[in-house]
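One structure is given below, encoded as structure tokens.
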Amino acid sequence: MQAYQREFIRFAIERGVLRFGEFTLKSGRTSPYFFNAGLFDSGLALARLGRFYASALVGSGIAFDVLFGPAYKGIPLAAATAVALAEHHGLDLPWCFNRKEAKDHGEGGSLVGAPLSGRVLIVDDVITAGTAIREVMQIIQGQGARAAGVLIALNRQERGQGALSAIQEVERDFAMPVVSIASLSDVLEYLAEDAQLKRHLSAVEAYRAQYGI
């Protein structure tokens, strides 16, 4: 685990974004942890989050031309990542997002910001079922662009109904990488090192053993 990943997990816990206990997921599974990126809900939190996204993206080495934030949650994430890339990595790159509903006046259309062209890097919080990414792929392909990869905050490393995780299915179906700031493996490592949080380690390990990839 790299230093920025450890810092990200600590930050997520401090903000209440990453919590431990007993949570019922949409899938019906009872999880010993819960991740809600919507709680990065202040200016300072979003700025720090953007720096973590930028660090993961630069570290991945993925080549891309434009950042894309899927409506709605991906919009501030793509913006924050673009700002962090410019301010902390000297990379001034274009970014854009889509509207859920196309406008019929003004600039019109369903896309806002830079042109969606070339190699597109998708920025989102998590990939749960992969449905949202499949919708985004239609938008990208409709513009004659191609997806370079996906950048998310946390990889749960959890299989869906089959043997693969939603992330693995996206990587397989679209032949592109999915990069995360941190993964469940990193969370487990963090728990093992933290005296106060170590009590949650066995429950998360058991969940990983049952549903992990």
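Any Cβ shown, glycine's included, is placed from N, Cα and C.
The model shown is predicted, which means the values in this text are computed figures rather than measured ones.
Site annotation (Swiss-Prot): orotate is bound by PHE34, PHE35, THR128, and the candidate from ARG99, ARG156, ARG159, ARG172 recorded at this site is ARG156. Residues LEU25, SER31, TYR33, VAL126, LEU154 surround the recorded orotate site, their Cβ atoms falling within 8 Å of the Cβ centroid of PHE34, PHE35, THR128, ARG156, which are themselves excluded. Each of the binding-site residues LYS26, LYS73, LYS100, ARG156 was scored by the number of other CB atoms within 10 Å of its CB, and the largest score is that of ARG156. The record assigns PHE34, PHE35, THR128, ARG156 to the orotate binding site, and the maximum Cα to Cα distance across that set is 12 Å.
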